Amino acid sequence: MVKLDLEGVVFPYHPRGGRYKLTFTEAQRACAEQDGILASAEQLHAAWRDGLDWCNAGWLRDGSVQYPVSQPREPCGGAGSAGVGEGANGGVRNYGYRHNAEERYDAFCFTSNLPGRVFFLKPLRPLPFSGAARACAARGAAVAKVGQLFAAWKLQLLDRCTAGWLADGSARYPIVNPRATRRLFGVYCYRAPGAPDPAPGGWGWGWAGGGGWAGGARDPAAWIPLRV
């Protein structure tokens, strides 16, 4: 008997360079860098049954390329495509096993472990990506990875309507209850278990002095923690 590990979250992933840039080996590496592994076909199918709808094809752990469609539409799927659960309610489209060193797709990653805590750091002014790592470091944390944010959303019901930087340079936000999004970017940080918080008690991140700017210069290196 084989027990499948389905308790977790499947998330689609492509690098900042755009869609369909990853060979199979690069997809494995990309998922690992975002705190995950390539999802299995069974995990993707379970995610589809749970409502995952994504129109970009991605590598899976067995070397196949598939994608889940919950709401059938053109050109997502196309006539005659075949897959698990295919029918009026959509299904998992399957391109079969592809040449893993030459063909390029996105990736479907899977993560099921979040021992630490993901939290949002609210800025006092717009936060560029160059200042994100410094902002998290001031709270004893690192910029969260994509898989860590998905795990916090799925497993801990993290619900935040403000976009924040992640370690791969993307900006995302986790929504449990859909509503309007705020435009001011912050950063999502991840603190490992047992790591101390040097600035507890609701601190933000911004410039101080010079009318709200550090020495009058917009230099992220001069940022200090400020109470919100």
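Cβ atoms here come from the backbone N, Cα and C positions, even for glycine.
Of the cysteines listed (CYS55, CYS109), TrEMBL assigns CYS55 as the disulfide partner of CYS76. In this view, CYS76 (disulfide bond) is surrounded by 16 other Cβ atoms within 10 Å of its Cβ, with every protein chain counted. For the domain 'Link' (116-209), the DSSP counts in helix, strand and coil order read 20 helix, 28 strand, 46 coil. Per-class residue totals from DSSP over the domain 'Link' (9-111), listed helix then strand then coil: 19 helix, 32 strand, 52 coil. As a whole-number mean, the pLDDT of the domain 'Link' (9-111) in this prediction is 88.
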